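Inspection log for the structure reproduced underneath, given as structure tokens.
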Amino acid sequence: MGKGDPKKPRGKMSSYAFFVQTCREEHKKKHSDASVNFSEFSNKCSERWKTMSAKEKGKFEDMAKADKTHYERQMKTYIPPKGETKKKFKDPNAPKRPPSAFFLFCSEYHPKIKGEHPGLSIGDVAKKLGEMWNNTAADDKQPGEKKAAKLKEKYEKDIAAYQAKGKPEAAKKGVVKAEKSKKKKEEEEDEEDEEDEEEEDEEDEEDDDDE
């Protein structure tokens, strides 16, 4: 896969991302020679962020707002290279894809695992949920699978109705276009008939002159 456009503006950063960046810079100043354990460092940042007051977080939120404004300004003048495919527009009103049985299972047990093991990373929580799902008996999975099947059925009906919304207009335009075409054809035929009648009249006049 080819790399993205190097001239494209860098994506905007969140307030938490600015906070982590500051933490990393502080850590480098204090322990310039020490190697960083990413998982441990990430957990420490997360815990510190949770204990911070709204006033303390405000500084980073202001930085994020300024970065967002800067990013949006740059994106207005950014011209993507030729051949780059644009992202497909997502309609916010379009029906959302239904969750799978496994996703419903994760939604139910995720808070429980986080409560029992608050220090676990996102990756470890996902791994644990996967193991739990694999060890769950088929009978115990059935309620979730039935619920997922119902949601899928509803989604298919909703998406069909959503996609059909634009069709009546298109069909209407098609009818109007056909009617215009028919009318034009009739007008052309009428003009041809008039021309034929004129030619016949001229011929009759010529015959009268000959007599």
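Every residue number used here counts from 1 along the chain in the order it is shown.
Placement of Cβ uses the backbone N, Cα and C atoms for every residue, glycine included.
Sequence annotations record features per position, and here Swiss-Prot assigns DNA-binding region to 9-79, 95-163 based on sequence analysis. Taken from Swiss-Prot, the feature compositional bias 'Basic and acidic residues' covers 83-94, 166-179. If you look up Swiss-Prot, you'll see 187-211 marked as compositional bias 'Acidic residues'. According to Swiss-Prot, the N6-acetyllysine annotation covers K3, K8, K12, K28, K30, K128, K172, K173, K180, K182, K184, K185 (among others). Residues or ranges marked as region 'Disordered' in Swiss-Prot: 71-96, 161-211.
Features as recorded by Swiss-Prot, highlighted on the structure.
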| residue | record | contacts (Cβ under 8 Å, 6+ apart) |
| --- | --- | --- |
| K8 | N6-acetyllysine | Y78, P80 |
| K12 | N6-acetyllysine | A64, D67, K68, Y71, E72 |
| K28 | N6-acetyllysine | none |
| K30 | N6-acetyllysine | none |
| K128 | N6-acetyllysine | I113, H117, L120 |
* Structure fact -> For the DNA-binding region (9-79), the averaged pLDDT of the predicted model is 83
* Structure fact -> Once DSSP output is merged into helix, strand and coil, K8 (N6-acetyllysine) belongs to coil
* Structure fact -> DSSP tally for the DNA-binding region (95-163), helix/strand/coil in that order, comes to 56 helix, 0 strand, 13 coil
* To do: Look up K28 (N6-acetyllysine) in the DSSP assignment and reduce it to helix, strand or coil.
  => helix
